[in-house]
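As given in TrEMBL:
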type: ACT_SITE; residues: 53; note: active site, nucleophile
type: BINDING; residues: 52, 53, 54, 55, 110, 115, 116, 117, 121; note: substrate binding site
type: BINDING; residues: 190, 191, 192, 193, 194, 195; note: NADP(+) binding site
type: DOMAIN; residues: 16-157; note: domain 'Glutamyl-tRNA reductase N-terminal'
type: DOMAIN; residues: 173-270; note: domain 'Quinate/shikimate 5-dehydrogenase/glutamyl-tRNA reductase'
type: DOMAIN; residues: 302-403; note: domain 'Tetrapyrrole biosynthesis glutamyl-tRNA reductase dimerisation'
type: SITE; residues: 100; note: site 'Important for activity'
């Protein structure tokens, strides 16, 4: 393991994705608001949880032992689920964890390859957890770099060209089945974010014969009035009156059969409907895999961009650590200087020297001495940190010398391969 890799071991992630647990099972892994609040008290690490229809991913940073924090979370998840769901998790640390987030941001790991939505989801995740005081500057620089990489991938490759979003795939598949949607009668069941996005896409396609069906008529009317659509209350028995039904509502594990000729595109998790004329997210996942094969030549370009991004992130990370290192050491030195200056003032007063100008000179002189004495040391530390591959032990040694009980960057302990295997399910 390289020293840079060791330096990154403070970052870890716990991953449940559509690839590892299945798109239809992923909903049971979502972490609720009350559980997030409990995690805030349970761990001392920075935490951000990225939850989408494709993934539940927990990202952690600790300058002590991040794997201990990972273990606490896994044990907690096992306890609230009353089964060892940690066995289905992929647990990544260091460079592997960072690379995974960057791959997610690129859109190459999405169910719908190249989707744009993941970038806004990454942004809203880090913003939310900062507001909750659960993430700090070290996860912030990681997520900021991920967003930059995601944008660069879309600018420099063709992975996001064409219709790549999951909702676009759903509409495209409906067109394939029915040839044309312009003369079809369409219903969108639901009025949440998913329903709104589908409504907007249908409107942009010039499709006008659309009805919004929802439990709350007021919400349905808001979407309908925006696009000039019709709306009505929720009545699933009426689905047979439509050619296409997009299902986008939350439900409590209800299972229904498509008993009509209606083409049902069910993007709920888990799916509400089953039957021969039903398209689910799992079906769209298969289509996404086919799309990936046509975009495989772009993946090499993406890998190169991600590798460059990791190097840029390492620079950002070291810069932040150096800044914190200097700040904390100088804070302690400044406290010592101030106390010594005050002691000098008292000694001067004992011999009758009370001149304010003299005190100002002593204060300025002591500050100058400190700066001139320590600047060469800090310059050498900075040079070591950014230019030498074996800098970490030296930096940790210096930190231990000056630490005030708060500064510490110990190397993460390795865990047995068997334990990793049990938790990752690999």
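Keep in mind that glycine also has a Cβ here, set from the backbone N, Cα and C atoms.
Here the features listed in TrEMBL are placed on the structure.
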residue : record                   : Cβ contacts under 8 Å, 6 or more apart
52      : substrate binding site   : 117, 118, 121
53      : active site, nucleophile : 18, 23, 26, 111, 166, 267, 269, 281
54      : substrate binding site   : 17, 18, 23, 26, 109, 110, 111, 118
191     : NADP(+) binding site     : 212, 214, 216, 219, 220, 222, 223
193     : NADP(+) binding site     : none
194     : NADP(+) binding site     : 167, 248, 267
195     : NADP(+) binding site     : 188, 189, 212, 214, 223, 246, 248, 249
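If you draw a 10 Å sphere around the CB of residue 110 (substrate binding site), it holds 27 other CB atoms from the protein chains shown. If you draw a 10 Å sphere around the CB of residue 100 (site 'Important for activity'), it holds 20 other CB atoms from the protein chains shown. Listed in chain order, the residues near the substrate site other than 52, 53, 54, 55, 110, 115, 116, 117, 121 are 111, 112, 118, 166, each with its Cβ within 8 Å of the site Cβ centroid. Same-chain residues that are not part of 190, 191, 192, 193, 194, 195 yet have a Cβ within 8 Å of the Cβ center of the NADP(+) site turn out to be 188, 196, 197, 198, 248, 249. Looking just at the domain 'Quinate/shikimate 5-dehydrogenase/glutamyl-tRNA reductase' (173-270), the mean pLDDT is 92. Residue counts for the domain 'Glutamyl-tRNA reductase N-terminal' (16-157) under DSSP, helix first, then strand, then coil, are 81 helix, 19 strand, 42 coil.
Of all the binding-site residues given, namely 190, 192, the one with the smallest number of surrounding CB atoms inside 10 A is 192. Cα spacing between residue 100 (site 'Important for activity') and residue 192 (NADP(+) binding site): 29 Å, rounded to the nearest whole number. Taking the Cα atom of each, residue 192 (NADP(+) binding site) and residue 116 (substrate binding site) are about 19 angstrom apart.
The secondary structure of residue 193 (NADP(+) binding site), as reduced to three states from DSSP, is helical. With DSSP states grouped into helix (H, G, I), strand (E, B) and coil, the domain 'Tetrapyrrole biosynthesis glutamyl-tRNA reductase dimerisation' (302-403) comes out at 93 helix, 0 strand, 9 coil. In the domain 'Quinate/shikimate 5-dehydrogenase/glutamyl-tRNA reductase' (173-270), the DSSP tally of helix, strand and coil residues is 35 helix, 23 strand, 40 coil. Here the C-alpha separation of residue 190 (NADP(+) binding site) and residue 116 (substrate binding site) works out to 23 Å.
Among 52, 53, 54, 55, 110, 115, 116, 117, 121, the residues given in the record as binding substrate, the maximal Cα to Cα distance rounds to 15 Å.
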